[in-house]
Amino acid sequence: MSGNTLGTLFCVTNFGESHGPAIGCVIDGCPPGMELSEADIQADLDRRRPGTSRHVTQRNEPDAVEILSGVYEGKTTGTPIALLIRNTDQRSKDYGNIAQSFRPGHADYAYWHKYGLRDPRGGGRSSARLTAPTVAAGAVAKKWLAEKYGTRFRACMTQLGELPIPFESWEHVPHNPFFAPVADVQAYEDYMDALRKSGDSCGARIRVQATGVPVGLGDPLYDKLDADIAHVMMGLNAVKGVEIGAGFASVAQRGTTHGDSLTPTGFASNNAGGVLGGISTGQDIEVSLAIKPTSSIISPRESIDIHGQSTEVITKGRHDPCVGIRAAPIAEALLALVIMDHALRHRAQCGDVVQAVAPIPAVRLG
């Protein structure tokens, strides 16, 4: 299986399966000399980990990260950084009834046809469990970017199923299980309680933002920053759509509205989402993700087995009724990995380029 490594200079290779002994990643290309400990990584893993509320899977994994290499006396050495997260709460017996059949909407069918076999335990390699190493690697990228450029990452949920979530303040996001930017989440609690009792699942919309991104990241024509962001975000489990800036709303805009006016004191708007011509402008990078409903649900559905015969599928086990609830820290990590890689690439080719006129300030839109 190829397709497990992302990045050109900051390369991350992800390994493991949902019910294997461990999952992890190897980071190659991290600059030397940065202070790094497990604690620097664990904070983001704790934001993503399962079992933190009744609205997510009750699989109780501590997701404790171990740094196996690439750090000496508390600093990165420039050699590959190996990160390991041990699986401790697998329950493979829950998947015995679907070992010979395919879950509608799941990767089961495609994996089986492509590779000739599949690991049904928790989805194997296709499981969202494999996003934990991504978050770990993203934490390393976040730390370097924060120290080098002051870049910061944050994400929130802007829609849960049919329910839009109005934006009030980023300050609310850490204080509720939905990563919602609102003070009162009772309506979303009630919605998820009813959904879980019905045996169904729902999708979500996630907003991801990077602030303090330097001007100049991205390599046209085919390695544009926004192209790489979209590419990597589509690799996140259950993502079915990616928008940069105004995204699909651009269709209904006029050029007089969509084009972000430039003034000596800053951009007047940010419909471009921080990227023009595939290159960062210094504006906030704005990304929106559409996440489909979870495919592993207890409601009976029609499918076929590995012999092509009709069957009924009921998925047991512990699953997220909405995978979007835990997607915010994962999306932050993926955005950080793309920006980190492009920052190193920009430094390698254009690090000596100096403009007499400083970049204009970014507009703050919330």
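Cβ from N, Cα, C; glycine included.
Features as listed in Swiss-Prot:
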BINDING   R48, R54  NADP(+) binding site
BINDING   R125, S126, S127, N237, A238, G277, K292, P293, T294, S295, S296, R318  FMN binding site
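Around T294 (FMN binding site), the same-chain residues at least 6 positions away in sequence with a Cβ under 8 Å from its Cβ are S201, C202, A238, H319, D320, P321, C322, V323. Rounded to a whole value, the Cα-Cα separation of R54 (NADP(+) binding site) and S127 (FMN binding site) is 20 Å. With respect to R48 (NADP(+) binding site), the closest of these binding-site residues in Cα terms is S127, chosen from R125, S127, K292, S296.
In the three-state DSSP scheme, R125 (FMN binding site) falls into the helix class. If you take the C-beta of K292 (FMN binding site) and look for same-chain residues 6 or more apart in sequence within under 8 angstroms, you find G105, G203, A238, V239, K240.
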